[in-house]
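Enquirer: Features from TrEMBL:
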type	residues	note
DOMAIN	4-269	domain 'Fumarylacetoacetase-like C-terminal'
BINDING	5, 78, 80, 112	Ca(2+) binding site
BINDING	7, 21, 119, 123, 229	substrate binding site
ACT_SITE	12	active site, proton acceptor
BINDING	112, 132, 136	Mg(2+) binding site
């Protein structure tokens, strides 16, 4: 199937916006009106345990000098969840939000590996490309939505109210505790660096699906739709090292005298839900 990645955590979008645009322009004008997303690369979605090679590419570390080519120096993780489409829709026939749940099969954990220095140079004007397609790791088992329904929560209050095709009163937010740990070379045990929860998402999976298909785009069984980085309101709930290190301005302690701003060679990343 195809792969689409959304950007549906308000806290994550706000954090990134503050870092790169300032508090006054943290959220882009469209963010509170639609679930922002982009088309990813399905061929580099891999199962947990598959080694990830540090990518090479163009970066521009000095604004006054030409770009350089070399290994990524800011390799990051993104704590995400994703769902697989069950039944698809016919081309030209959008999925109504009232029936969107009928098209959602189940969920997996996801780590959307990100090369931040490559991303910073390449993303204007069409968004990330090589900085994301280097690899996307998912858990080996799919948890069905039926199994998750005991953990359903009311949807977040959305202000301004979205357009009618995105309005939905049925609860479809889920209380799923999430953790990220890193085990560096020489460490006997991993250290947890993030404690978050899927309930922090602003846009629901049903809204993502309804928006994705509103133009008649046909989704197919096995298509993978990801949440985007899951960050909560507290610093320890930030779902990326970009946020945890606040764009590399502070260290993330791992214990045993080790710390990180971004991933080093040999690091093992463990996502738990």
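Cβ atoms are placed via backbone N, Cα and C, with glycine included.
Neighbours and distances for these, please.
Expert: In this structure, residue 112 (Ca(2+) binding site) is part of a beta strand by DSSP. Residue environment of residue 112 (Ca(2+) binding site) contains 27 other Cβ atoms, counted within 10 Å of its Cβ in all protein chains.
Its Cβ placed at the centre, residue 119 (substrate binding site) has 21 other Cβ atoms within 10 Å. Under the three-state DSSP scheme, residue 119 (substrate binding site) falls in the helix class.
In the three-state DSSP scheme, residue 12 (active site, proton acceptor) is classed as helix.
In the three-state DSSP scheme, residue 132 (Mg(2+) binding site) is classed as coil. Taking Cβ-Cβ distances under 8 Å and a sequence gap of 6 or more within the same chain, the neighbours of residue 132 (Mg(2+) binding site) are 5, 40, 41, 112, 113, 114, 115, 119.
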Enquirer: Have a look around residue 12 (active site, proton acceptor) and count the other CB atoms within 10 A of its CB, chains all included.
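Expert: There are 29 of them.
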Enquirer: Summarise the model's confidence over the domain 'Fumarylacetoacetase-like C-terminal' (4-269) as a mean pLDDT value.
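Expert: Residues in the domain 'Fumarylacetoacetase-like C-terminal' (4-269) carry a mean pLDDT of 98 in this prediction.
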Enquirer: Counting Cβ atoms within 10 Å across all protein chains shown, which of the binding-site residues 7, 123 comes out on top?
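Expert: Per the Cβ count within 10 Å, the most buried is 7.
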Enquirer: Write out, in the order they occur in the sequence, the residues of the chain not among 112, 132, 136 that have a C-beta within 8 Å of the mean position of the C-beta atoms of the recorded Mg(2+) site.
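Expert: Apart from the listed residues, the neighbours are 5, 40, 41, 44, 78, 110, 111, 113, 114, 133, 134, 135, 226.
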Enquirer: Excluding 5, 78, 80, 112, please set out which residues of the same chain place their CB within 8 Å of the center of the CB atoms of the Ca(2+) site, keeping sequence order.
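Expert: Residues close to the Ca(2+) site, other than 5, 78, 80, 112: 79, 82, 110, 111, 114, 132, 136, 226, 227, 228, 229.
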Enquirer: Can you tell me the CA-to-CA distance separating residue 7 (substrate binding site) and residue 80 (Ca(2+) binding site), as a whole number of Å?
Expert: 10
